[in-house]
Amino acid sequence: MHKGRISRCAPGEIRHNLAEISRMLLIRSRLLSLCAKSNARANARADSSLGPVSPPPGACMRWNSRFEPLPCVAVLALWLTLAAVASAQAPATPEQVVRRHAQAWSEGDVAGLLALFDEDARSYDRSRDPLRLAGARSQAIGSKAQLADYFSRAVRSPLARETVEHIAVVGDLAIAAGYSAQPPDYSQRMRFLTAFRIRDGRIHDLWHIAWLPEQAPAQPDPSRTVRALIEANNARDADRFLSLFDPQARNFRHSADPRQLAEQPSKTLVDAASRERYFRKYFAGTPVQVRAVALFSVGDLVVEQSHVSGFADAPGKRVNEVSIYRIRDGRIVGDWLLAEETLPAAVQGAQP
């Protein structure tokens, strides 16, 4: 959640498929304009011995020493065909890539899985340090070549069946959570939390964050702490807000390096005293308003994707951001701001 942190977000990148749609709409407009001009020329050049000739309803006219109707429906059919081709060529969205990754893995589709990865793709193991989300580059599947070798051998035995239940997407970063049913009888399930850096429909980086037995020891739902944090922020309740952080809590944020996953320690929030000073000042002003659009947990980790608005210096601005929190005993012990982007005006207007 934003929680008053200094934002460095830039305008969100224009999606390739939106650009293609705009281009197809422009082509459609031009084709219809040509159709109208063709009709006008046909009438103007009509054979005087035949008298004025009007095209039949729904037809364009072209001049080849005589009138031959070219149905406007054919022009529109051409436009629809071009649009379909453009749509087929547009890269998959991050959410589509994540779901195709799970499907290809579950079905043992080696070619389909590898097609989702960039040639320079990297995969990372889970971290054993509770203050780091990402571990070192994997020794087994760290590169695309290693992944190809590993998966080609893995398909010789029954594979786990992966199901994606939740996805949060901000810019080129997707965070997915779900379960992996394990062979041979698929009755045992493992919960996973994975992050993907996806550009132009290809996976560039894949971080394995959590992998836990589904029947892990029961505990209060950690997402309740994050919900309480959002409610305290929106209610401008500084005491309640600060009470949700452990005194030893650490704050991290994303860096300019796309191969890093929010490993930069905050320079502003370094301890309990600096957190107290910063947020007391923040709540004395005009706190932003936060609306969660995705909130899910795996173990003690909670993923929160929110739309943030109400910036004092930019009232119409709306930011899409995603964070991960580590919750222990109902308090936040780790807070990672993973990604943020300014939403386009059209998306901003669509929000309540």
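Note: Cβ is positioned from N, Cα and C throughout, glycine not excepted.
Annotation source TrEMBL lists domain 'SnoaL-like' at 98-203 (among others).
For the domain 'SnoaL-like' (226-333), DSSP puts the residue distribution at 29 helix, 50 strand, 29 coil. Look at TrEMBL and you will find 226-333 (among others) tagged as domain 'SnoaL-like'.
Counting residues per DSSP class in helix, strand and coil order gives 26 helix, 48 strand, 32 coil for the domain 'SnoaL-like' (98-203). Mean pLDDT for the domain 'SnoaL-like' (226-333) in the predicted structure: 96.
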